[in-house]
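Colleague: Pulled these from Swiss-Prot:
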ACT_SITE  ASP275  active site
BINDING   ASN205, ARG206, LYS207, GLU208  ATP binding site
REGION    1-330  region 'Ribokinase'
REGION    358-490  region 'Cytidylyltransferase'
Amino acid sequence: MSRFDTLLQSIARTTVLCVGDLMLDEFVYGEVSRISPEAPTPVIAVQRSEINVGGAGNVARNIAAIGARCIFVGLIGDDEAGRTLSAEIARESRIEPLLVCDPARPTTRKVRFVSEHFSTHMLRADWETASAASSEIEQRLLDAILPQLQRADIVLLSDYAKGVLTERVIVSVIEAARKLGKRVIVDPKSANFAIYRGATLLTPNRKEFVSATRSAAETVDDIAAAAQDAMALADCEAMLVTQSEHGMTLVPRVGEPIHVPAMPVKVRDVSGAGDTVAAVLAVVLAAGADWATAMRAASAAAAVAVSKNGTAVVTPAELRRKILPHASLAAEEKIIGSEAELDLRLAEWRREGLRVGFTNGCFDILHPGHVKVLTAARGACDRLIVGLNSDASVRRLKGESRPVQNERARAEVLAALEAVDLVAIFGEDTPLKLIKRIVPSVLVKGGDYTREQVVGHEIVAARGGEVLLVDVLPGFSTTSLVEKAREGTT
């Protein structure tokens, strides 16, 4: 078992108490192709829309998605947006919501209008009251929070300055948590870090850090110097400054700064990436990891989150694929077990703008001819899926004496190759059904076929894809190898 798997097992046993500003995130996707005749403003032709639990609610969703349990305390209004949020959170089996309703304020709601094609935000509309909660609501929040501290392994305060985390709530929660020996992570919004006094870790982004410290924060040394004064003011153990494409820097009260560069990734949407960082930091630290491990996990999770549209969560499988070197992934990670899993991987790759390739075969006894085709196929794409004939399919095509190796053994051999990203077993005589599902950008076969003989060529061509024929190596075929083995010749 890898260290990552051991960490995931520990995460599954942790509970995070998350408190913060809950909001409803709505995304309206469309395109602009004309200007309104009524006023000089663009007209968005809406194509689709979606809703997500946002703000501190997205932090809670990320905590649950990575495998931990989350007790979540937030504030909603007595309105449709609040009821929608309650229903959405109730669907999350690993989140225990304790929502306080304040009829005097609306539920925070943000509607973003986004270009479907370019993934750029064109407009945002907000419904909110950012004033602090009343003393009555403060008390109801504390009545919900304080009894849960004993159950939590770590506390996470997600401050969006929408009224939940008042100074009274912050001070009361941190003091109570410290008495119980619980660590507190704060994702701050206030430029006055002193109100978070006693927290274990503050996680401002660069803009928030500059505003609070009045420093340039252009280098690790700049951040380290300014953070020491800020930590003294906030009486915290460490400060982590996130810097988007420049990575993240952790400055401990005692010890050397740790900087983790950002992972290269095609950014589609940065909405909620900070939520993901805070959530992963909390669960990994609660699971017993050190600062450096927690930072690497958070950085990898952020890279996954920004490659998705909307307010996104990160799963353990996505985190594993981002953290572990490609060649280190276990064979079972590359062998697809269901159509739903295949669809999930494809969606993930396409969100990242990756070119997907496909080839297929029986691969009964892997030989240099196979390796040449697979290597060429991988060179023509960013991710290669290999369609593998099932045992029953091979018998129909090759006869009752085949395959020599069963489908699981053949799949594991293929999955061990660095050129192969996924192996999908199909039971039909041809991979046509699989190709229709994948719709690859490039379809690869050996040069002993003509373009018209390649199954699925018309599907790929219709989508503007490429059919690639690779010259075969003479003298290599599984059939001839089997015959030679039976004859005892080489």
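Each residue, glycine too, has its Cβ placed from N, Cα and C.
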Colleague: Counting other Cβ atoms within 10 Å, pick out the least crowded of the binding-site residues ARG206, LYS207.
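Modeller: Among the binding-site residues ARG206, LYS207, the sparsest Cβ neighbourhood within 10 Å belongs to LYS207.
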Colleague: In whole Å, how far is the residue listed as 'active site' from ASN205 (ATP binding site) when you measure between their Cα atoms?
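Modeller: Each residue's Cα considered, ASN205 (ATP binding site) and the residue listed as 'active site' end up 11 Å apart.
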Colleague: What does the structure give for the C-alpha distance between GLU208 (ATP binding site) and ASP275 (active site)? Integer Å is fine.
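Modeller: Spelling it out, the Cα of GLU208 (ATP binding site) and the Cα of ASP275 (active site) are 15 Å apart.
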Colleague: Would you list the other residues of this chain near ATP - those whose C-beta lies within 8 angstroms of the C-beta centroid of ASN205, ARG206, LYS207, GLU208 - in sequence order?
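Modeller: So the additional residues around the site are PRO204, PHE209, VAL210, SER211, VAL241, THR242, GLN243.
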Colleague: Validating a neighbour-count step here. Other CB atoms within 10 A of the CB of ASN205 (ATP binding site): how many?
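Modeller: Excluding its own Cβ, ASN205 (ATP binding site) sees 19 Cβ atoms within 10 Å.
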Colleague: Determine the minimum-neighbour residue: among GLU208, ASP275, listed as recorded positions, which Cβ has the fewest other Cβ atoms within 10 angstroms?
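Modeller: Taking GLU208, ASP275 as the recorded positions, the minimal 10 Å Cβ count falls on GLU208.
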Colleague: Going by DSSP, give the three-state secondary structure for ARG206 (ATP binding site).
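Modeller: DSSP call for ARG206 (ATP binding site): helix.
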Colleague: Kindly report the helix/strand/coil residue split of the region 'Cytidylyltransferase' (358-490) according to DSSP, in that order.
Modeller: 55 helix, 26 strand, 52 coil
